[in-house]
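**Student:** Sharing a structure below in structure tokens format, with a few things to ask.
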There are 2 protein chains.
Amino acid sequence: MIRLSTAEPGFEGKFQALLDQARDTTAKVDAAVAALIAEVRAGGDNALLDITARFDRWTPGSAAALRVTEAEIEAARAACAPGLLDALDLAATRIERFHQAQLPRDVELADPLGLTLGLRWGPLDAVGIYVPGGKAAYPSSVLMNAIPARVAGVPRIAMCVPTPDGALNPLVLAAAHRAGVSEIFRLGGAQAVAAMAWGTASIAPVDRVVGPGNAYVAEAKRQVFGRVGIDSIAGPSEVVVLADASQNPALIAIDLLAQAEHDESAQAILITTSGQMANAVEHAVEEALKTLPRAAIAGESWCRHGAIIVVRDWEEGAALTDRLAPEHLEVMVAEPQALFARIRHAGAAFLGGHCPEALGDYVAGPNHVLPTGRTARFASGLSVFDFLKRTTWIAAERRGLEAIGPAAVALAGAEGLDAHARSVSMRLGQG
Amino acid sequence: MIRLSTAEPGFEGKFQALLDQARDTTAKVDAAVAALIAEVRAGGDNALLDITARFDRWTPGSAAALRVTEAEIEAARAACAPGLLDALDLAATRIERFHQAQLPRDVELADPLGLTLGLRWGPLDAVGIYVPGGKAAYPSSVLMNAIPARVAGVPRIAMCVPTPDGALNPLVLAAAHRAGVSEIFRLGGAQAVAAMAWGTASIAPVDRVVGPGNAYVAEAKRQVFGRVGIDSIAGPSEVVVLADASQNPALIAIDLLAQAEHDESAQAILITTSGQMANAVEHAVEEALKTLPRAAIAGESWCRHGAIIVVRDWEEGAALTDRLAPEHLEVMVAEPQALFARIRHAGAAFLGGHCPEALGDYVAGPNHVLPTGRTARFASGLSVFDFLKRTTWIAAERRGLEAIGPAAVALAGAEGLDAHARSVSMRLGQG
């Protein structure tokens with residue numbers, strides 16, 4: 001953990017070093033992934049069976065066995081604690097409502113010159129969702145990836161989840177069922193991404209593949225990009241907490257550690273106007289680590305990547321936050337909305353003392369799939385927009401063509417595209 | 001050119017072959033591009049000067065000489081024919097109006113439980129636009145790339161355009177001036193993309209790089225992706241024309257050739273319900289090629305990739321169009337809106353007999369940067385959305401936390417993320 005103060009000499013250099021600190025430790029697996037994708041494209045279902053037997057310590061009897069049945073889904077739901085199913089349903093209902101509120105409207109612009117211009121939104125035909133298996137099987141991620149697609153109107157949502165040793169997380173199946181996933185396959189890694197992108201006899205291809213995964217999944221998404229759309233490749237997670245002297249240091253500490261417990265390369269940063277708060281939070285983090293089950297991971301993250309920065313005022317604090325462009329931003333100050341209004345770059349913001357990030361990770365409604373590694377400068381969290389595309393259209397009356405056609409002829413001529421010019425001038429009777 | 005009919009046996013196989021036909025001939029330049037990017041990151045401005053002298057047969061005296069001056073822009077505008085400047089202004093005004101109509105609104109959702117959820121749109125800080133030089137210098141592309149960024153509210157728009165032998169296209173500078181470009185640099189290729197993504201002493205880094213380019217530019221965009229955002233890598237251009245027997249074959253032919261004249265790997269396809277129209281258009285294309293300045297290129301494209309498909313009805317026609325998911329779609333039938341409503345996948349549509357694609361390429365208002373190679377299934381044309389990003393936010397009152405907090409605690413517990421659970425339960429006084 002590094003302590004910085006804008007009042008100290010040499011701050012800029014140290015802050016820049018913090019910005020440049022490499023946290024992503026993704027292994028290079030290009031060649032291995034290219035081979036797996038080629039194997040799936042050549043061998044189809046049989047390749048999926050072979051690769052699954054090789055990597056998942058589980059041998060499906062047939063391609064049909066890859067598909068999770070309705071009965072299995074029902075059995076999984078029955079195996080979940082009712083309280084958890086209720087929590088899942090509350091989360092799903094709130095996520096649906098927030099994403100419905102995002103749905104854009106078509107544009108139609110009638111024009112005095114005799115043209116009508118339009119922009120039409122439409123859903124993708126089919127989407128594939130990757131869900132990590134084993135310890136990183138997060139039902140909340142199933143909701144966050146599938147519900148925006150469903151709200152966007154995507155008719156077919158396929159999901160792939162690896163089942164190491166054949167084991168499946170019942171709550172993940174329950175979440176998929178609640179979110180409206182159409183098909184679930186026991187399939188993981190690059191082979192799952194390849195199957196969804198290129199299709200096999202038993203898995204129809206999709207138009208976009210989303211969802212988190214390990215280095216193989218991330219590289220596979222890179223390699224199928226263009227054939228299908230993909231979401232952004234997520235890096236290690238991060239939070240910036242802005243806190244003034246009025247806050248409870250123990251709550252700030254646990255919020256920082258909630259980020260740090262994700263993995264060792266996660267990053268938690270406190271920016272505060274109070275040196276006393278900085279000391280109190282540093283102490284509270286040490287205290288909390290003593291009793292935290294995932295203290296090993298969280299402690300490693302805090303030690304390697306954590307930071308506490310004391311600023312002279314919130315103008316400095318806002319400027320540093322924009323340079324960090326954090327995935328998550330907690331604004332725990334007296335006037336959170338006013339400070340948030342001065343910050344341009346963050347994936348998601350959590351305003352006030354009653355709004356820990358975990359509320360948004362699970363049940364509040366906004367998406368928890370967010371831009372990492374300072375990409376919030378130009379990227380956004382997952383939303384209905386990831387599952388919609390636009391078609392623009394132009395309708396012209398004769399007089400519309402006459403009004404603007406000559407300008408098109410002039411510009412086409414200047415660009416040396418004669419057929420372009422003729423396609424207009426011939427209609428104007430000058431062809 | 002291939003003639004197909006859905007009534008013939010073996011149609012499906014031939015149509016699938018047409019879909020699978022490889023048109024992209026992009027050279028593999030990964031290593032060369034990686035070396036250029038590394039050279040720019042290491043050498044900064046000096047590297048830019050060296051590389052420019054090496055590739056552009058032009059040696060800038062200093063880094064300052066890379067920047068186009070106000071005086072040069074003024075001189076360029078003075079050198080343009082007034083009629084062309086008027087055409088440029090008409091186009092810019094219409095493009096501005098259509099993109100303004102796309103601007104999304106923020107979402108704020110107050111919640112009876114005591115939470116407020118929001119989605120805030122904001123512009124990127126800085127955007128870089130790549131503009132090809134030499135023969136492919138298209139002023140229209142400058143408008144189509146820069147105006148959406150300006151309308152989105154991006155304060156800084158940098159533009160790079162190579163100047164082989166030092167030559168600059170005056171109309172390109174005039175277009176940049178009209179579109180509100182902030183800075184113009186005489187810089188091309190991978191070195192320009194690297195400079196915009198990583199920055200040098202004289203070129204500040206941007207957050208997103210857009211614009212068409214050759215294989216080096218496309219690969220450079222791939223390699224800087226993640227550090228900055230990029231637009232989609234454009235492949236060869238294509239058009240599908242839907243025409244019934246009521247249309248003028250000579251106009252359909254010139255529209256097909258307007259697409260074909262872009263380059264040899266462009267694709268123009270006619271789908272018609274009339275065998276007679278198919279014959280008439282095939283003949284009219286041959287006739288038009290006799291007098292077309294770019295007949296060599298257009299003829300090659302038509303011969304290699306052109307197609308005329310006769311369908312039994314528009315239900316078939318619409319289904320085939322969705323499988324082609326063309327960049328451009330002309331709907332030249334009696335009821336164009338009705339047929340367009342049945343088609344899901346196209347980048348941009350041009351409805352009716354008075355609306356050649358060239359109208360949209362230059363002056364109508366919608367963007368001409370569109371998804372190619374069947375990616376219209378999931379991708380969209382350039383728009384204000386490419387220059388905006390979203391930040392979602394959550395504000396919770398105490399009673400809001402009490403209402404949904406327990407569900408977050410339950411789900412965090414199920415996912416084994418104890419600090420997440422504690423960050424909520426401690427606030428509920430159960431920590």
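Note: Cβ is positioned from N, Cα and C throughout, glycine not excepted.
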**Student:** Name the one residue among B:ASP207, B:ASP313, B:ASP361, B:ASP386 that TrEMBL lists for the same substrate site as B:SER237, B:GLN259, B:HIS262, B:HIS328, B:GLU415, B:HIS420.
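**Tutor:** The candidate from B:ASP207, B:ASP313, B:ASP361, B:ASP386 that TrEMBL ties to substrate along with B:SER237, B:GLN259, B:HIS262, B:HIS328, B:GLU415, B:HIS420 is B:ASP361.
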**Student:** Given the binding-site residues B:TYR130, B:GLN191, B:ASN214, B:ASP361, B:GLU415, B:HIS420, which pass a C-beta cutoff of under 8 Å against chain A? Sequence order please.
**Tutor:** B:ASP361, B:GLU415, B:HIS420
**Student:** Quick one: largest C-alpha distance among B:SER237, B:GLN259, B:HIS262, B:HIS328, B:ASP361, B:GLU415, B:HIS420, binding substrate per the record, in angstrom?
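**Tutor:** Largest Cα to Cα distance for the substrate-binding set is 56 Å.
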**Student:** On a count of neighbouring CB atoms within 10 A, which of the binding-site residues B:HIS328, B:HIS420 is highest?
**Tutor:** B:HIS420
**Student:** To the nearest whole angstrom, state the Cα distance for the pair B:TYR130 (NAD(+) binding site) and B:ASP361 (substrate binding site).
**Tutor:** 18
**Student:** B:GLN191 (NAD(+) binding site) has how many other Cβ neighbours within 10 Å of its own Cβ?
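**Tutor:** That number is 29.
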**Student:** Whole-number Å only: compute the distance from the Cα of B:HIS262 (substrate binding site) to the Cα of B:GLU327 (active site, proton acceptor).
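**Tutor:** Counting only the Cα atoms, the answer is 14 Å.
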**Student:** Rank aside, I only need the closest one: which of the binding-site residues B:SER237, B:GLN259, B:ASP361, B:GLU415, B:HIS420 has its C-alpha nearest to that of B:GLU327 (active site, proton acceptor)?
**Tutor:** B:SER237
**Student:** Which one of the recorded positions (B:GLU327, B:GLU415) has its C-beta surrounded by the most other C-beta atoms within 10 angstroms?
**Tutor:** B:GLU327
